[in-house]
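**Q** Just lifted these from TrEMBL, have a look:
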- 199-210: compositional bias 'Basic and acidic residues' (COMPBIAS)
- 9-165: domain 'Glutaminyl-tRNA synthetase class Ib non-specific RNA-binding' (DOMAIN)
- 168-242: domain 'Glutaminyl-tRNA synthetase class Ib non-specific RNA-binding' (DOMAIN)
- 268-573: domain 'Glutamyl/glutaminyl-tRNA synthetase class Ib catalytic' (DOMAIN)
- 576-680: domain 'Glutamyl/glutaminyl-tRNA synthetase class Ib anti-codon binding' (DOMAIN)
- 690-767: domain 'tRNA synthetases class I (E and Q) anti-codon binding' (DOMAIN)
- 187-221: region 'Disordered' (REGION)
Amino acid sequence: MVKEDNSNVLDMFLKIGLDEKTAKNTLANNKVTTNLTAVIHEAAVTDGCDRAVGNLLYTVATKFPANALNHRPTLLQYILSTKIRNPVQLEAAFAFLSATVSENLKVHDFEEACGVGVEVSKDDIERSVNEVFEEKKNNILEQRYRTNVGELFAHVRKKLPWADPKVVKEVIDLELYKLLGERTAADNEKPVKKKKEKPAKTEDKAKAVEETPAPKQSEEELNPYLIFPSPEENYKVHTEVYFSDRPVLRVCNSKELLEKHLKVTGGKVQTRFPPEPNGYLHIGHAKAMFVDFGLAKERGGGCYLRFDDTNPEAEKKEYIDHIKEIVGWMGWEPFKITYTSDYFQDLYELAVELIRRGHAYVDHQTPDEVKEYREKKMNSPWRDRPIEESLRLFDEMKRGMIDEGKATLRMKQDMQNDNVNMYDLIAYRIKFTPHPHAGDKWCIYPSYDYAHCIVDSLENITHSLCTLEFETRRASYYWLLDALSLYQPFVWEYSRLNVSNTVMSKRKLNRLVTDKWVDGWDDPRLMTLAGLRRRGVTSTAINAFVRGIGITRSDCSMIQLSRLEYHIREELNKTAARTLVVLNPLKVVITNLEAGLVMDLDAKKWPEAPADDTLSFYKVPFSRVVYIDRTDFRLKDSKDYYGLAPGKSVLLRYAYPIKCTDVILADDKETVLEIRAEYDPSKTIKPKGVLHWVAEPSPGADPLKVEVRLFDRLFRSENPAELDDWLGDLNPESKVVIQNAYAVPSVRTAALGDRFQFERLGYFAVDKDSTSEKLVFNRTVTLRDSYAKGGK
């Protein structure tokens, strides 16, 4: 495409409905300008279009998934035909296309995923808004114009996911006016504002232009936490627990319990992030942190970092220290750090109370017997033993008078229930193992099913958020809190984060580490957060990836690894300084350059560096001996080849054109030992090919040697966890080590964690294995998604 001048491009942007400020800011960003211009031409709307269509085209230009470019023309046709007409449908389209890497698009599935053909009339919207207002009427009348409109919006969107956000907002505003009338002086009083925390300063040397503002998004898109209710609404029925032998239990907080809770918390949101310290955190935990810490931060509350340390045999101080450190690295600050073991005495006393109320008993079945009886839905022989007998035996368990495996405390739930998580779950078991945090005080330890919900209540958690596999445990969670007359948090489950070509199970990760299939918990091939950090991935890129996925309850999707890589590239493109490194050096002698001459040339750290900004340039030596990558030379040229070949010219980036005049071969007449070339000091030759290179810094001296580690997907299959022989699916080329790559001298001062773009090669970060004698670089990600078209 012929490059258009700025005035024509600006005019084209205005014609599709961008306001002047947005259009001009877009023009200042070369990348967005290129993308938007391409989209406008591809959509054939260079003469203009409707503003609503134009805003959607802008979003396509700024947010379209890079791994699905072959489907972009199809999406544009849906936009132009108004089959996709609002940002909600467009985001759904992005998510669908990002997961569709094949050439063939299943039209029916695509249209269903995007709500194509679903007509939501204004009458439909008004009807749903009226239903929501009826449900929330008392709260709206109390809060008046301070009502959280975003929450109302979210409730309507749940009913009508494909409704036009603008129309929904208009109808809500109108209904508020109908219900409340004109604003009063009290409504207009501004609440006392808290001082905004200043964000931590980050060096962003690459940011030469302002961020281009995107078209206005709906409140729900801007704030994914709108789906969660406020703490004062926690009086409704949480769930219904069905029994085989008694009426349905409709679990909810009493007025007294809720008022007591709100008095303690001041009505603030309190969440918890409860990792088990039995391994390193992985990218799935990044989503959990985003949900738990993010909701608390957005609502002005706090999030506990609570260690779920009920199993002393699997826990280590190493894991606890790692979790504390990685939570901070991810950008989150705990309201308080606690341990389930802090509450061991409270949990024990409540267990005694549970027995007294007739809801627990000491059992002597072996694990195999428990399994058999559960399968047959049979009661334990000890289920109906007298309360006093269970109290005495539980005390003997606590005092170490009963051997391991000879007794457990089980909750007396419902062995005939349709939900297996109501089959008299174990509350306490005996383990003569010292606890890493509590010491040797206890020889009985609570189970997760018993401790988790109680500690949530004791810590006055407002929102207990967890992944969908815990949904079936809701009944047990609320049954226990109801049985003990304790405050009940709001429980909500969201989908797990499943990423392709990796495993997320702690058990499998532990196997990979302990059996040395990888080089420790922070191996850059793992999806552990420590591994991603070592690889050079930033926490902000991970959080952007998680935010882009959203907080959903859809648990059937496999997120392509390329989607994470897209966010990594987006950030590193702005923040990683460019430099020159040659992985497989091939010697080139420039015969018409004086032997002792070394020229210092200017090279750009950033692609669009202003000529007068000296800090955006670095010096590279150019001398008689330079090295290019061996893959950039062929003995036989071809039309589609832009590298060097006999008699052919290429441009050495930031330097001069060179022409191959001779080739020195080994005795096998195939292996190239050295190339002879001449350079063009006048730069009159304009070759198409541009190569990266490194030169001798002084006559006879080798360039700086560095080690480069190239990482790829750890597993060959998209979902190795499904395979019986999952270890057999390991990618043997997931790590390739290049011992003697050549780098320019300026790289010598690089420090641990520094990130670079090695031009034409990818993004790299300095590894902890680096020494004063030799730097080691890890490849974070390639420059392009090599898997987008057919690669696996």
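In case you wondered, yes, glycine gets a Cβ from its N, Cα and C as well.
Source: prediction; values computed, not measured.
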**Q** Determine which recorded stretch among 9-165, 268-573, 576-680 has the most C-beta pairs below 8 angstroms with the domain 'tRNA synthetases class I (E and Q) anti-codon binding' (690-767).
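**A** Result: 576-680.
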**Q** Per DSSP, what is the helix/strand/coil residue tally across the domain 'tRNA synthetases class I (E and Q) anti-codon binding' (690-767)?
**A** 12 helix, 33 strand, 33 coil
**Q** Per DSSP, what is the residue tally for the domain 'Glutamyl/glutaminyl-tRNA synthetase class Ib anti-codon binding' (576-680) in helix, strand and coil?
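**A** Counting residues per DSSP class in the domain 'Glutamyl/glutaminyl-tRNA synthetase class Ib anti-codon binding' (576-680), I get 6 helix, 53 strand, 46 coil.
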**Q** Average pLDDT across the domain 'tRNA synthetases class I (E and Q) anti-codon binding' (690-767)?
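**A** Looking only at the domain 'tRNA synthetases class I (E and Q) anti-codon binding' (690-767), pLDDT averages out to 95.
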